[in-house]
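Copied over from TrEMBL:
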DOMAIN    6-142  domain 'EamA'
DOMAIN    155-285  domain 'EamA'
TRANSMEM  34-54  transmembrane segment
TRANSMEM  75-92  transmembrane segment
TRANSMEM  104-121  transmembrane segment
TRANSMEM  128-148  transmembrane segment
TRANSMEM  154-173  transmembrane segment
TRANSMEM  185-202  transmembrane segment
TRANSMEM  214-233  transmembrane segment
TRANSMEM  245-264  transmembrane segment
TRANSMEM  270-286  transmembrane segment
Amino acid sequence: MHPERKALFFALAAVLLWSTVATAFKLALQYNSVPALLFGASLTSLLALAATLYRQGRLKTAVFQLRHNLKTTTLLGAINPVIYYLVLFEAYRRLPAQVAQPVNYTWAITLALLSVPILKHRLTRFDLAGLLLGYSGVVVISIAGKNITGSLDGIGLTLALISTLLWAAFWLLNTRSAVEPLVQLFHNFLLATPFLALLLIITGQSLSLTVPSLLSLVYVGLFEMGITFMLWQQALSLTQRAAQIGTLIFLSPLISLFLISWILKEPLQWQTFAGLGLIIGGVWLSKRKA
């Protein structure tokens, strides 16, 4: 198969899988608390990443490499998976999926904002317009959330916005790591998973061991935290047209909304579509060059 076709296949697979995660989060949270979900999903992701490295004959090297990468991994692993997913899962627990998912999508706009102090970039007029559009979309979507539940969960909305800061910060800091992305992700989970197990013990919570619960944990661990990132990285490594491949990510929130309606039975609000349109417009503008 031609490399560009392979890249398209991997990118579409990643987009389709990412489209399911909002629904998967809500379903998984029906069976487990936030700490329990995060531990189970992180353990799944760790095993999947370890299996991938073992199949490539690099697992032992990756494990020994950790001692030279301990400082970076401690910082990155504290953000992802620990703090980021604790915040994100709690936001999903509090908010309708059709509110939490589009708000979390504004991380790409937040990235432009954080690149000013971290990478010393200057905000362009497109960045500023993107920020205005994107966060206008958040305001509109919050109205949709109020229509669904009868009130606006301010804490949930704040947590969803904080998750965008955490993910954008992680992405920017991760670009400074000299370690290959797959190995770095493995290191993050290798350090974080024992800590999450300890958190589970300290909080006195436990995993639900029913079949639906275990399936949801495995699904979130594989397709939100692990395999999907590998598919996306593979797509970008194969293509000579990264910008065009990157535009496919805009399909994800739209597909996600219909899955939310179909599986979770959330009544979709027109404000959700209007707000998402503003957010997508903001993301698109923030990616433009001045």
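Keep in mind that glycine also has a Cβ here, set from the backbone N, Cα and C atoms.
Same-chain residues lying 6+ beyond the ends of the transmembrane segment (128-148) with a Cβ under 8 Å from its Cβ atoms: 95-96, 98-99, 102-103, 106, 109, 112-113, 157, 161, 266-267, 269-272, 274-279, 281-287. Per-stretch counts of Cβ pairs under 8 Å to the transmembrane segment (270-286) identify 245-264 as the leading one among 34-54, 75-92, 154-173, 214-233, 245-264.
For the transmembrane segment (154-173), the list of distant contacts is 75-76, 79-80, 83-84, 87-88, 90-91, 93-95, 99-100, 103-104, 106-111, 113-115, 118-119, 138, 142, 145: same-chain residues at least six beyond its ends, Cβ to Cβ under 8 Å. Among the listed stretches 34-54, 75-92, 104-121, the one sharing the most Cβ pairs under 8 Å with the transmembrane segment (214-233) is 34-54.
For the domain 'EamA' (6-142), the model gives a mean pLDDT of 90. According to DSSP, the domain 'EamA' (6-142) comprises 118 helix, 0 strand, 19 coil.
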